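Quick look at what TrEMBL annotates:
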- 57-81: transmembrane segment (TRANSMEM)
- 126-146: transmembrane segment (TRANSMEM)
- 184-203: transmembrane segment (TRANSMEM)
- 224-243: transmembrane segment (TRANSMEM)
- 263-283: transmembrane segment (TRANSMEM)
- 316-339: transmembrane segment (TRANSMEM)
- 345-363: transmembrane segment (TRANSMEM)
- 375-395: transmembrane segment (TRANSMEM)
- 401-425: transmembrane segment (TRANSMEM)
- 437-457: transmembrane segment (TRANSMEM)
- 484-502: transmembrane segment (TRANSMEM)
- 522-547: transmembrane segment (TRANSMEM)
Amino acid sequence: MATHDNKPADFEERVSYVHSATTKDIDEYAEAKSPKGLEEGALAEGGALDVFSREAFALYIQYGAVGVIFGMIPVLNYPIFNIYLNLEGYQTASYLVLTRIGWSFKVIFGLLSDCVTIYGYRRKSWILIGWTIAMICLSVLAFLPFGEPFCNRAKTKYCREALEQVPAAELQYFNVDAPNNGTFFILLSMFIAFGYVLAASASDAMVVEYAQREPEAIRGRIQTAVYVVRTLTGILAYLVIAFGLNGPNYAGSFSFELSPNAPYGICLVPCVLAVLSTLFLLVEKKTEPLSFTQWWGTFWESLQSRVMWQICLFRFLSNFFNSVTTTAGLPMTTYWAGVEPLNDALFNIFGNMLYAGILAIVGKWGLNWNWRWTIAAGTLGVVVIDSFVVYMIIWDVVRNQWFYTGVALAENVPYGLRFIVATYMAVEIADKGNEGAIYGLVTTVSSLAGPFASIFYKYVNSFFKVRQNDIKSDTLEVRWDVSYVHMISYGCKVASLFWLFLLPPQKAEIQALKARGGKSKLAGVILVSSFVVCVSFTVTTSIMSIFPLTKCYRIAGGNGVLDPKTGKCPLK
């Protein structure tokens, strides 16, 4: 792997990623050096945080709680919403978007924690509010019945057949209204996401403050530590899926199973622990309220800077192309690869461990790796491996759940690299007083790309035969259509590498660009306007895909076929 130059260097010796270093260049950004008295290139005073201190463990509990819920809510998509309720592929894709849409509002949550103090606290108060919202929604979902499954697998063997091929005598075991019953649960899951992301955003701002106190050589260590904790605690979610949601009605092999409500009750426990941690362990000094005018002045200056809009442009374009996948994924997993929830959960556990391992490796040995080469190598490697496995499944060369899920673990490598690099960049850009908003914006742009990509590929896939019943039929035409949508997906992932020229190779180049990259009011206006438009469009179209009256429209991922009698989406 190509590495970035590790030699100690002041900014006078560093090279901007855009221009070659010259004496004139050096003079232009020499002022960006860390002020005297700061430790070896640290960006703020205070010294590096001891990763085994009480302050650090308070952060670990916050990120551990986020890890459980962030891990649990999305993975319920497969056993509950895909199998139990039989939602279509475009609807389950929207579920994933809506349960993660809160991340698209991190900049707003960051603004609140930067500007609005409650009883003198900027971060702790908003952390408590966020966890309270999540607990209320989880409590409702823990006790509200889901209804009967789409197909009672304990009583009929025709669950894998297209509905029109099921004998009339067996239709009594089918609940055709089950897909419509998921709407309320999806919406509450979205509000859970808003709650815990609000808490996570305020926690992120604290992490930025700690990270900026670290010397340049180890800057990124505390970020890596908290995200390793978040990833590892997410394993609990997969254990619940593996051993609790692997019964008959989840297409599993166990004779026992938890109710669909049980996972939501389990998520309440870390919420309570996070609240107690915030009250008794988390360390934050009381601060004076910061006026919105003062905050906006600083934030607006940051938005106009080249380093901000260039990195945001890279994050959005690169992640948009890399996030283009296919709605055929879950139906293929169920009906062609025959993946049981147990197997799916076990390999998600291994995936989380691999993801955490990648973060740990980067935090230990890769803090100075060249980010461009790192992302390129990871992305290309996964495309080669994943495409081989997928086409073996599509064309019935090998249809084995262990083969399918095992090789798919490789996808965690580029995702881990892209994620941790984004957090490193955000720390370098953030200024004092706007840590939450800047960190939120950089990571939000990345998070927003996924939902926007989802809209794109759901629309494209709506022209192909890749629905649940299509996959069940397994005809030659269906196989070709599934092949085509995967070709589109892999082509987009390779295209994501084109935008690497916008990415500074390392921390030093970011600081150089920040110091002398210039400002543009037009770029700031475009950045804000694009953000608002993208969030609005993403939320609207994703919500459309889960409501019976609008879910058939192509913009929502449907097939565009209206009821000829009513001119509206067919309700059955």
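Numbers run from 1 along the shown chain.
Glycine too: its Cβ is placed from the backbone N, Cα and C atoms.
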For this session: Take the transmembrane segment (263-283) and find every residue of the same chain, 6 or more past its ends, with a Cβ under 8 Å from one of its Cβ atoms.
Result: 54-55, 57-59, 61-62, 64-65, 68-69, 72-73, 76, 123-124, 127-128, 131-132, 134-135, 138-139, 141-142, 192, 196, 199, 233, 236-237, 240-241, 244-245
Problem set entry | Long-range Cβ neighbours of the transmembrane segment (375-395) (under 8 Å; 6 or more residues past either end) | 1, 318, 322, 332, 336-337, 403-404, 407-408, 410-411, 413-414, 417-418, 421, 479, 482-483, 486, 490, 493-494, 496-497, 500, 503
Problem set entry | Chain residues outside the transmembrane segment (484-502) and at least six past its termini with a C-beta under 8 angstroms from it | 310-311, 313-314, 317-322, 324-328, 372, 375-376, 379-380, 382-383, 386-387, 390-391, 394, 453, 457, 460-461, 464, 466
Problem set entry | Close approaches to the transmembrane segment (437-457) from elsewhere in its chain (Cβ under 8 angstroms; 6 or more beyond its ends) | 93-94, 96-97, 100-101, 103-111, 114, 201, 204-205, 207-208, 295, 299, 302, 308, 311-312, 315-327, 418-419, 422-423, 425-427, 429-431, 485, 488-489, 492, 531, 534-535, 537-538, 541-542, 555, 557
Problem set entry | Paired segments the transmembrane segment (316-339) and the transmembrane segment (401-425) in contact, 3+ CB pairs under 8 A | yes
Problem set entry | Residues of the parent chain within Cβ reach of the transmembrane segment (345-363), under 8 Å, 6 or more residues beyond its termini | 71, 75, 220-221, 223-225, 227-228, 231-232, 234-235, 238-243, 245-246, 369, 405-406, 408-409, 411-413, 415-417, 419-420
